[in-house]
């Protein structure tokens, strides 16, 4: 034994005292073994040596329990027994109790070693040594000495069963050697008039555990909880056993035929698993003082053992957060409580949290005489003159990393430190990003250059050309956006899929572009970005078409609005090289909490003269640029959202170059779907931009995703109706989506056939919002001129239909029809007058009502 203990680096010693009668097993609790925190692969190899005295001769039994995995298994049996009898492995159990504590259990009425005849009565248990080698290779030992020799008396235990004991349907459950059960019972007297005593007995599989009240009885039962301690035969656990008696009946109301109701909770320990699941708990109790027979009443309950993993085995841990600048960080590990300047045996270990390789991740171990071991990467350490241990880490990167550090002194006192190293952000070189709603897809702001930090709320001079303007507002951040991005001035030379986008011809039909400085008090101050070929739907595979308008919101106007397009936002791929652009429209009124109206992006890769960029709105209305090559993102839409299920859209909104006070009135009727009025309004298939008009041109979907019946490769352009109330509605593939796809329409898809490069009107199944008079702002579109007040056409007529007759012929037909109708009316009136004069008196012989009447 002494030789074996020499290999132990740390040893814990204890004295075992067995009390009462032998219950049929010995139980030794072994505390303070190191199970490291935040480590699922931290195992331990455990071996146990049992030291016997047989007639003055020493005998040793070695048990190999193998590897302990505290996160997956709680009960272990020896894999082998050296120096024992044939069935020795069946006589021992090792159980995890939680908090780094083990329990070794051995049957006491069967001999685990081979002895000669006549020596059976001379076998005594002297001591137990437990060897626990952790994942760092450190050997921890526990030496448990018996206070008095404990003799093993092999005998057969008779089967015991108590009669006249009331059975219950309640099962007593044992977890980590602790039994817990609550039983209902009754006493003949009320609480303050009663005393109480109890005794328990657990029987099964040649095990007999008895537990009694330490003070014998509760002399006076009080209302509420009456707590008491109990003592069980065998090993006395360091966790006390006890019980609680609670009165559950009103003080003056007995239960007829049974008396007064009580609740009894019992928690005896240790309860060995050798009892088995067929064992029985007997409870003997009395309400009139202790009885020699054990009590006046008896109830019984079945016992089952749970395989549930007990409470965490991990050592207690102190947590420290360290934020550092640069490449290295240092943490000083102080001495443990019982350590002094002369302690000869000090060990420090360190590993990164949640390791996965026991061969390579546990190399960092230091002693007073050793340096940094080989294989300890990114971690170095050394003892200082004051016995503190300084650990330096390096090369951690930007993500926080957690280091687990332990320090152990000579008497096996151990402290554990959890240190979280976080690198301080370098605000001058990176643009921080954050997901404010939890809906934005990853890489939402990857278009930002990593080495560029752009201040927010920048406004370009009016003469600088295309500029994305921002404004501070109090609207909440819309869902699916990324905050923290900064606006920058776009580059004038964008590229899209390798196709260079030319600057717009200012002499073309595209309106002149101006960039006025935002006016904080103007109700409709806006900034218009130049739109190349803004109104001509070009659907060639390599011909970029994009239209972007970014009006500046007015923080003080109740009708201010912001339309922030999002070119180059990506979704499900629609076309290989067909340039498309989606627009994300936000209402950012100064005091409005209106949800954002978002047009779902569908893999648009449009080239714009203002630069390939993706504008994402945040709580500070900051915007950021994105390059033409970008990973896919997903736009999540809140309420009041119109989604375009397939294809990308080029949406052009023309805003005034100068200050205007004209807005769409919320009381104006919304145009019907498919309206083809040549005057103005949505549904106009003309390529000219009219007041109040929003032209939407579909891109080129692969295999004509917009029209499933069209032949492969066909290009289809479908204008989409947009209401003046601010909702963009689209019917694509026969489905109309509003919000999160809550509404659908069974409108069939029209197959135009042929080369449908000319935009045609599709009749949409559209539901518009009613006019709102509430103070909550709704999204609105701005016009280049006052809104048209003439009546809109209410009958959908295809724009290409031609009249069959001339206007003069139609006029003649109308007058002729009117004359014929008038003549017929006169003839009818004359006939009625003639018949009235010829009428005579009549009497109904069969009255149509209950009483007979004469009608003239």
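Cβ coordinates come from backbone N, Cα and C, glycine included.
Per Swiss-Prot, the feature topological domain 'Virion surface' maps to 1-809; the stated evidence is sequence analysis.
Feature annotation from Swiss-Prot assigns N-linked glycosylation site to 114 (among others). Sequence-distant contacts of residue 114 (N-linked glycosylation site), defined as residues of its own chain at least six apart whose C-beta falls under 8 angstroms from its C-beta, comprise 84, 85. In the three-state DSSP assignment, the secondary structure recorded for residue 114 (N-linked glycosylation site) is coil.
In sequence order, 297, 298, 299, 300 make up the list of same-chain residues 6 or more apart from residue 166 (N-linked glycosylation site) whose Cβ falls under 8 Å from its Cβ. Look at Swiss-Prot and you will find 166 (among others) tagged as N-linked glycosylation site.
Note on residue 328 (N-linked glycosylation site): other Cβ atoms within 10 Å of its Cβ, all shown chains, come to 14. Feature annotation from Swiss-Prot assigns N-linked glycosylation site to 328 (among others).
DSSP classifies residue 345 (N-linked glycosylation site) as coil under the three-state reduction. Positions annotated as N-linked glycosylation site by Swiss-Prot: 345 (among others).
Neighbour count (other Cβ atoms within 10 Å of the Cβ, all protein chains): 9 for residue 386 (N-linked glycosylation site). Secondary structure from DSSP puts residue 386 (N-linked glycosylation site) in coil. What Swiss-Prot records for 386 (among others) is N-linked glycosylation site, and it gives sequence analysis as the kind of evidence.
Feature annotation from Swiss-Prot assigns region 'Disordered' to 421-779.
Residues or ranges marked as compositional bias 'Low complexity' by Swiss-Prot: 427-437 (among others).
The N-linked glycosylation site annotation in Swiss-Prot covers 435 (among others).
Annotated compositional bias 'Polar residues' per Swiss-Prot: 442-488 (among others), in sequence order.
Sequence annotations record features per position, and here Swiss-Prot assigns N-linked glycosylation site to 457 (among others).
According to Swiss-Prot, the feature compositional bias 'Low complexity' maps to 507-570 (among others).
The N-linked glycosylation site annotation in Swiss-Prot covers 533 (among others).
As annotated by Swiss-Prot, N-linked glycosylation site applies to 568 (among others).
Annotation comment: Swiss-Prot describes 575-616 (among others) as compositional bias 'Polar residues'.
Among the features that Swiss-Prot reports, N-linked glycosylation site is placed at 582 (among others).
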CB contacts for residue 345 (N-linked glycosylation site) [other CB atoms within 10 A, all chains]:
14
Mean pLDDT for the topological domain 'Virion surface' (1-809), rounded to an integer?
64
I need the CA-to-CA distance for residue 328 (N-linked glycosylation site) versus residue 345 (N-linked glycosylation site), whole Å please.
29
Length of the line joining the Cα atoms of residue 345 (N-linked glycosylation site) and residue 386 (N-linked glycosylation site), in Å
15
